[in-house]
Amino acid sequence: DGRVRAWAAAAYALLPAATGAIAQGRLGTAVVIVLLPLIGHAAYRLIQPTGTSRDGWWTGLLLTVATAFAPLSWVLALVLAGIAGVTVARGGWPRLAIALATPPVLLLPWSLTVARHPTMLFFEAGLPGPGLTGMGPLDPLFLRPGGPGMVPLGFTLGLLLAGLAGLMRHIRRRAVLAGWTVTLVGYFVTIACGQLALRTPYMAHGQAPWPGVASALMGAGLLVSALVAAHGARERVAQRSFGLVQVGFVAVSVLAFLAPVASAAWWVVRGADDPLTRRDPAVLPAYVAVEGQTADRPRTLVL
């Protein structure tokens, strides 16, 4: 259903990791969120029995771009590739190896620096701000990586319930299990990042890395399961006599629909404040601006 896919796209675009990345100026996470659906589609083709080495190279190239902006992407890919290699893609180890080996090779000599300082894998492009991290005890469960730009806690409840509903369907079980595997990996990595205090050569003090990429991965996995739950659900529920099943279906559907709507409304009303703020557009000192209005009209270069 096109409407369900549109809902999933809106929910993904408005995940707390996305709003937080914009509010906090985290370019790395923003780029990975854009690339994640492409990487997921390429990885799906890669682990199929009909997958080819070309799928491995394509997945590796996409993963290289993501790793360049947020190296945590490669760590997550390594974990998921290991799980896939021992479950659904036992004959696909050569293709998985190509995908995983491509980023370190293409990102030389930076990869050698990371090998000497592995903590750099957990931080993304740009210098980390010590005041932009910190999660509450329920934040990882509700897809909130912490810091400014987070939607209120209950806004993502509908996504969690819709993802859980996928476990109750008996169709496309492999897709549901894959979605929940991705979800759990993202969840545990998010929690782990919140408990760490790491330091890179470019930092004066240790701090917890921001798990925006892992949280976005968790949200993507939940949406995969939710899409399976939504497939034919209305017709299936309509065939039953009225009862708790119908009530639960309506409640979950309403909460899931409201998740991106509420996030969008909150984003429009509140905006992308802290730490990014709107400043005075007049950047020239008054005497320079006055001199620019003279007959000579000298021009000023602002850096």
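Every residue, even glycine, has its Cβ placed from backbone N, Cα and C.
A TrEMBL annotation is a machine prediction, not a hand-curated record.
Straight from TrEMBL, the features:
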type: TRANSMEM; residues: 6-23; note: transmembrane segment
type: TRANSMEM; residues: 30-47; note: transmembrane segment
type: TRANSMEM; residues: 59-84; note: transmembrane segment
type: TRANSMEM; residues: 96-115; note: transmembrane segment
type: TRANSMEM; residues: 149-168; note: transmembrane segment
type: TRANSMEM; residues: 175-198; note: transmembrane segment
type: TRANSMEM; residues: 210-230; note: transmembrane segment
type: TRANSMEM; residues: 242-269; note: transmembrane segment
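Outside the transmembrane segment (210-230) by six or more residues, the chain places 1, 4-5, 8, 11-12, 15-18, 20-21, 24, 26, 28-29, 32-33, 36-37, 40, 70, 72-73, 76, 124, 128, 132-133, 135, 140, 143-147, 156, 159-160, 162-169, 171-172, 175-176, 178-187, 189-190, 193-194, 256 with a CB less than 8 A from a CB of the stretch. Taking pairs at least six residues apart, the transmembrane segment (59-84) and the transmembrane segment (175-198) share three or more Cβ pairs below 8 Å and count as touching. The stretch from 6-23, 96-115, 175-198, 242-269 with the most CB pairs below 8 A to the transmembrane segment (149-168) is 242-269. At the 8 Å Cβ cutoff, the transmembrane segment (242-269) and the transmembrane segment (6-23) share at least 3 close pairs (sequence separation 6 or more) and count as touching.
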